[in-house]
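Below is one structure, written out as structure tokens, with a few remarks after it.
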Amino acid sequence: MAKSCKVSLDPAVCEMVEKAGRLEVETVWDRYQAMLPQCGFGETGLCCRHCLQGPCRIDPFGGEPKAGICGATADVIVARGLDRAIAAGGASHSGHAKHIAHTLKKAVRGKAPDYAIKDKAKLRKVAERLGIPTKGRSEAEIGLAVAEAALADFNEKATEAPVTWVATTVTEKRSKLLMERGLMPKGIDYEIADIMHRTHYGCDADPINLLQAGIRCSLTDFAGCHMGTDLSDILFGTPQPVVSEANLGVLKADMVNVAVHGHNPVLSEIIVAVAEEMKPEAKAAGAGGVNVVGICCTGNEVLMRHGIPSCTHSLSQEMALITGALDAVVMDYQCIMPSLATVAECMGTRLITTMETMKIPGAIHIPFAEERAKEIAREIIRHAIEAFTRRRGKPVDIPQNRSKVVAGFSAEAIINALSKLNADDPLKPLLDNIVAGNIRGVCLFCGCNNVKVPQDRNFVTMARRLLKENVLVLASGCGAGALMRHGFMDPASVDEMCGEGLKAVLTAIGEANGLGGPLPPVLHVGSCVDTSRAVALAVPLANRLGVDTDQLPVVASAPEATAEKAVAIGTWAVTLGIPTHVGVMLPVVGSRYVTQVLTDKVRDLTGGYFIVEPDPEPAGQKLLAAIDERRAGLGLNVPGGARR
Amino acid sequence: MKRKEIFVRYERCTGCRSCELACAVSHTAARNLFGALLGGERPQKRLYVDQVGRVKAPAVCRQCEEPPCVAVCITGAMHRREDGVNVVALPRCIGCWMCAMACPFGAVGRGEGKAVKCDRECLDEEGVPACVRACPTGALVFQTVEEFEAERRLAAAVSLR
């Protein structure tokens with residue numbers, strides 16, 4: 001009988017939460033309970049710690065104190081706090097991209113022999129988009145030029161030639177709008193540093209100017225995401241549909257279970273590459289082989305390129321260890337809870353950190369270097385094999401839950417699938433179905449799980465609603481992780497989950513591609529950096545229609561957002577003109593003015609806006625209304641008649 | 001059952017003002033922070049955190065058994081409710097502030113020309129006041145005098161060891 005519980009919709013997680021309780025191993029949900037009540041000043045963004053005269057906090061209800069010690073009002077404090085969250089998000093996603101750019105550079109210079117350019121066509125395509133000459137040049141030369149162009153995007157660039165990974169990846173109209181409105185970033189690191197400067201004690205105190213800088217800075221996150229996707233595809237291949245499985249049931253008691261956890265494929269690709277060749281060593285230790293599984297976004301990266309099963313995501317990362325079957329967790333960076341060290345100690349799992357930017361006391365640190373990638377990966381897997389020998393024969397508790405997943409829908413894969421319906425004009429079938437209303441609109445689910453929401457509840461409730469209403473749903477990051485473990489990426493679910501129009505479209509595309517059935521209800525576009533793939537699909541769609549991205553019936557949602565990266569992604573989605581839902585309260589509610597700008601006034605600037613709605617039912621309704629408004633704007637039919 | 005009071009363990013107060021905020025929120029129609037803010041409500045807090053030197057001190061109405069504020073109220077607005085909680089009947093309050101002068105703890109506030117004070121209309125489903133529930137350090141506790149004093153005695157005894 002499937003377990004159920006209050007903290008998660010996933011029965012596998014519930015089973016492990018119960019076990020953790022029995023073993024008295026503390027989990028994220030226990031720590032959340034211990035943290036309650038949370039501070040209302042922090043919740044509303046009214047706490048400022050930017051100088052040593054503070055901390056200051058403002059009465060959210062208009063009483064005293066009305067301003068910080070320096071005189072900063074609620075509006076200023078809230079806007080500054082939001083800006084710093086955006087800058088942190090941008091720094092993380094672009095840091096990830098920078099890492100891959102360095103790897104590409106080392107690879108083409110022959111300094112990292114375990115890496116090579118895998119997708120030459122994409123390399124040329126990206127180079128051409130960036131205006132890098134390709135004719136008569138070798139892949140190594142082009143690769144070096146692309147890597148150097150990527151790294152140059154981090155510096156302060158000339159006003160007329162700003163960050164290329166923004167200027168060349170959005171519509172021409174958007175690029176022009178960003179330039180005219182002072183929203184085009186001059187350089188990735190430049191804008192992030194600019195935010196830290198202007199939010200320092202005694203600098204920018206104009207909330208609107210602060211928000212404008214925050215919007216500009218959010219595009220550094222977009223540039224980082226897009227660059228991360230492009231360069232990963234070049235080095236590791238552009239994803240194509242692949243069949244795999246998701247949830248804790250992918251762990252195998254008699255195998256050496258190694259989880260790759262974190263974000264960057266630079267590490268996880270190599271772990272996957274050497275896992276097979278380590279099979280004899282694993283067998284010698286009494287195991288059937290090495291079973292690599294994914295946790296969080298690096299799991300998405302290897303899922304969509306190699307069909308590596310996804311173990312779990314985000315909030316339930318500790319649960320993978322609670323099974324007792326996980327021999328090692330290999331980590332790079334981002335969204336890795338330090339609590340894993342305690343859980344690992346209880347469960348006998350080896351935790352292995354690999355990056356200078358992320359060490360955890362209690363973990364083994366094995367510094368990763370691209371120059372010796374496979375050698376280091378083998379060393380890491382040997383740790384897992386050793387842990388297995390200690391675990392061998394001991395009982396484990398692996399929940400039986402596994403969902404079938406068809407993943408790997410890069411923009412290229414989607415367009416390729418559409419080309420089977422119309423080889424000359426692949427976007428036409430998609431547009432025709434949008435016009436006819438078989439596809440009402442498109443929604444991208446992204447972002448994290450958040451302990452404040454029963455895990456996956458918002459994703460599942462909203463996706464179910466939108467699919468029934470014939471909205472084409474894409475998912476990235478831990479949003480994809482949430483939906484995949486509930487069967488949303490299994491083509492067999494189409495019949496039950498999708499409205500008639502959408503069902504017909506997914507079936508037509510699936511059959512034209514020889515799948516003998518439909519595409520899955522939700523298309524897996526990849527990791528959180530791969531949120532950029534949704535833009536890579538929306539931009540040609542807008543161009544084909546002769547409109548900008550703020551006119552498309554496209555919406556986005558991070559219904560269980562946690563990370564600052566999600567704040568940054570949400571802000572750039574709004575900057576690209578997308579109505580963007582967030583299902584947890586952003587720490588901005590303490591300023592009525594900032595809240596109003598983000599949910600309404602920003603529309604005049606970018607065409608996009610935030611929808612903040614914690615309840616998934618009305619949230620779904622609001623996204624449908626936003627889609628219908630866009631449809632009406634394009635003169636398309638709206639279900640139930642136009643509302644304006 | 002013996003009545004519970006809001007006791008202060010001053011040594012635990014960090015001055016975070018979470019109690020003030022929770023008190024204000026509990027007196028809104030929305031009864032939650034985000035709902036109240038988004039709904040434009042402007043509630044008032046009924047307790048106050050002050051700082052003198054390094055001492056941080058939450059001041060909340062002591063709900064006196066023989067309340068001076070009630071004794072001095074000329075219109076009878078300030079009265080003792082059946083449950084023993086001292087409250088203001090706003091329609092009868094004339095804003096003369098006799099109660100404010102009489103209260104030795106400074107627990108009476110001003111709201112739209114009338115007296116505003118702790119009314120214990122903030123209890124959660126377990127009967128705990130909002131300020132106590134919100135206190136992250138246990139500086140505010142909701143106990144009977146007997147319970148509170150028993151703990152004090154134990155603490156004193158432990159210190160003798």
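Just so it is clear, glycine is given a Cβ too, placed from its N, Cα and C backbone atoms.
Automatic, uncurated: that is what TrEMBL annotation is.
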TrEMBL has A:Cys48, A:Cys51, A:Cys56 down as binding [4Fe-4S] cluster 2; which of A:Cys14, A:Cys70 does it also list for that site?
A:Cys70
Quick one: which of A:His263, A:His306, A:His365 does TrEMBL put in the [Ni-4Fe-4S] cluster site with A:Cys297, A:Cys335, A:Cys448, A:Cys478, A:Cys528?
A:His263
A:Cys39, A:Cys48, A:Cys70 as binding-site residues, winner by CB count within 10 A:
A:Cys48
Using Cα positions only, nearest of the binding-site residues to A:Cys48 ([4Fe-4S] cluster 2 binding site) (A:His263, A:Cys297, A:Cys335, A:Cys478):
A:Cys335
Let me know the DSSP-derived helix, strand or coil state of A:His263 ([Ni-4Fe-4S] cluster binding site), please.
coil
For A:Cys478 ([Ni-4Fe-4S] cluster binding site), what is the secondary structure by DSSP, using just helix, strand and coil?
helix
Counting Cβ atoms within 10 Å of each candidate's own Cβ, which of the binding-site residues A:Cys47, A:Cys51, A:Cys297, A:Cys335, A:Cys478 comes out highest?
A:Cys478
Under 8 Å by Cβ from A:His263 ([Ni-4Fe-4S] cluster binding site), counting only residues of that chain that are 6 or more apart:
A:His96, A:Cys296, A:Cys297, A:Thr298, A:Glu301, A:Asp332, A:Tyr333, A:Gln334, A:Cys335, A:Ser527, A:Cys528, A:Val529
So if the criterion is CB under 8 Å to a CB of chain B, which of the binding-site residues A:Cys47, A:Cys70, A:Cys297, A:Cys448 qualify?
none
Using Cβ atoms only, which residues of the same chain lie under 8 Å from A:Cys56 ([4Fe-4S] cluster 2 binding site) while being at least 6 residues apart in sequence?
A:Cys47, A:Cys48, A:Pro65, A:Gly68, A:Ile69, A:Cys70, A:Ala72, A:Ile77
